């Protein structure tokens with residue numbers, strides 16, 4: 001019933017897979033062949049007693065793809081520039097298996113144009129092409145790096161030469177503020193300044209202007225000299241006080257520094273603290289009388305003369321006084 005109506009599986013496959021490459025006088029050829037065996041690559045096996053499996057056909061398709069275009073059944077239909085062998089095999093077999101689709105894909109190196117004789121040109125191996133392209137890119141990169149390095153070296157050298165030339169032409173930049181030149185005083189000017197400083201440690205504005213005019217100096221020069229001289233005087237005074245205090249020689253200290261350190265205590269205590277500052281401005285007063293002489297009395301007696309008897313010494317503790325014997 002299936003054979004009479006023409007709806008059998010074999011009849012449908014035979015009508016759908018019909019190809020002009022198949023011989024017309026063999027109607028049973030499509031009944032005993034699978035769709036994969038109808039491709040031009042498998043026409044050499046015309047025996048229908050042992051049909052090949054689809055896996056074997058796919059393996060043969062992947063291995064025998066380069067020479068598939070030279071089949072005997074397709075010589076009259078294909079021209080040298082029309083269709084490739086895998087595309088024609090896809091059209092004939094109408095197989096949509098993943099293995100057939102992957103087998104039909106050519107590598108990139110195999111897609112070279114055909115020669116004039118109709119035979120495909122021998123493709124160059126992909127590894128050699130990749131190596132050649134890598135070598136070309138490496139050469140270009142080396143050239144660009146070398147040119148860039150040479151340019152940078154030239155620029156650095158040029159900048160260094162420019163800096164050297166500019167440093168030779170221009171004076172070096174000083175970070176610190178340049179110091180002013182010191183005033184060279186003459187011996188006469190120094191003597192007058194020292195004499196004025198002995199009289200007055202601090203000058204008023206009018207006195208300073210008069211002294212500057214008399215010595216042919218500026219007011220700033222006199223003011224600076226007085227400031228430096230007061231600093232030196234205070235430092236010497238502090239050092240002298242320490243040394244003399246350690247030695248205990250207060251009389252020498254009073255003779256050296258009569259004012260303002262050794263005013264009588266009663267006078268200094270009665271003055272206002274603000275008014276006590278004016279003691280520096282006035283002339284130095286004569287040294288006051290010694291309140292407690294530190295020199296031994298026997299030396300004072302020797303200086304006064306031998307006519308007067310020496311005053312009696314105070315008795316020492318723990319020693320009995322002896323009576324004076326007549327001479």
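Every residue, even glycine, has its Cβ placed from backbone N, Cα and C.
It should be emphasised that the depicted structure is a prediction, and the values quoted were computed from it without experimental measurement.
Taken verbatim from Swiss-Prot:
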REGION    1-90  region 'Disordered'
COMPBIAS  33-54  compositional bias 'Low complexity'
COMPBIAS  79-90  compositional bias 'Polar residues'
REGION    113-181  region 'Disordered'
COMPBIAS  133-143  compositional bias 'Basic and acidic residues'
COMPBIAS  152-166  compositional bias 'Basic and acidic residues'
DNA_BIND  178-237  DNA-binding region
REGION    303-327  region 'Disordered'
COMPBIAS  308-318  compositional bias 'Pro residues'
Across the DNA-binding region (178-237), what is the average pLDDT of the model, as a whole number?
91
Summarise the compositional bias 'Basic and acidic residues' (133-143) as counts of helix, strand and coil residues per DSSP.
11 helix, 0 strand, 0 coil
Give me the DSSP three-state residue breakdown of the DNA-binding region (178-237), ordered helix, strand, coil.
42 helix, 0 strand, 18 coil
